[in-house]
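Features from Swiss-Prot:
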DOMAIN    3-132  domain 'Nudix hydrolase'
BINDING   THR8, LYS23, ASN33, PHE35, GLY36, GLY37, LYS38, TRP117, ALA118, ASP119, ASP120  O(6)-methyl-dGMP binding site
BINDING   THR8, ASN33, PHE35, GLY36, GLY37, LYS38, TRP117, ALA118, ASP119, ASP120  2-oxo-dATP binding site
BINDING   LYS23  8-oxo-dGTP binding site
BINDING   GLY36, GLU56, GLU100  Mg(2+) 1 binding site
MOTIF     37-58  motif 'Nudix box'
BINDING   GLU52, GLU55  Mg(2+) 2 binding site
Amino acid sequence: MFTSKLLTLVLVVQPGRVLLGMKKRGFGAGKWNGFGGKVQTGETIEQAARRELLEESGLTVDTLHKIGNIKFEFIGETELMDVHIFRADNYEGEPAESDEMRPQWFDIDKIPFSQMWADDILWFPLMLQKKRFLGYFKFQGHDVIVEHKLDEVEDL
């Protein structure tokens, strides 16, 4: 039987570019990713997304658009990662390095998918087109997808 861990992920998108962070420590270290983390007791998923974005990048946002929800299973683990994905098109502040992440802008045609989670290349196009999606990815280790499902949806 699986338990579930509630997590957030925020992608900051500007015309022609996306802000990613190089994860410096912990789960996913050495990979480029959006900004996010665990939902803490007493906060909503959106509050957690805003808090994690601020902590990891120094940015604040007025509006977050929920764009996706992906459940991740890692073979041998008993906990599913239930990741709620948001897109932010406007922000305040300047991206700043934190203990956990080093932010960097990437042109849309130069996103470093080879240095990211293997699933990102599959759902990023939907996110960039502002299309909503639901997904499930089963990983062997941290690099090999053994099974997946990804569907575009009207609402989340």
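Any Cβ shown, glycine's included, is placed from N, Cα and C.
I'd like these features described in context: how deep, what's nearby, how far apart.
The number of other CB atoms found within 10 A of the CB of PHE35 (2-oxo-dATP binding site), across every protein chain shown, is 28.
Listed in sequence order, the residues of the same chain lying 6 or more apart from ASP119 (2-oxo-dATP binding site) and placing their CB within less than 8 Å of its CB are ILE70, PHE72, GLY135, PHE137, ILE145, HIS148.
Taking the Cβ of LYS23 (8-oxo-dGTP binding site) as centre and 10 Å as the limit, one finds 19 other Cβ atoms among all the protein chains shown. In the three-state DSSP scheme, LYS23 (8-oxo-dGTP binding site) is classed as strand.
The number of other Cβ atoms within 10 Å of the Cβ belonging to GLU100 (Mg(2+) 1 binding site), over all protein chains shown, comes to 18.
Outside the motif 'Nudix box' (37-58) by six or more residues, the chain places 5-10, 12, 19, 21, 64, 66, 84, 86, 88, 93-96, 98, 100-101, 103 with a CB less than 8 A from a CB of the stretch.
In the three-state DSSP scheme, GLU55 (Mg(2+) 2 binding site) falls into the helix class. Shown in sequence order, GLY37, SER98, GLU100 are the residues of the chain, 6+ apart in sequence, with a C-beta less than 8 angstroms from the C-beta of GLU55 (Mg(2+) 2 binding site).
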Check ASP120 (O(6)-methyl-dGMP binding site) against DSSP and tell me helix, strand or coil, would you?
helix
Over the motif 'Nudix box' (37-58), what is the model's average pLDDT?
97
What's the CA to CA span in angstrom from ALA118 (O(6)-methyl-dGMP binding site) over to GLU56 (Mg(2+) 1 binding site)?
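Distance (Cα to Cα, whole Å): 22 Å.
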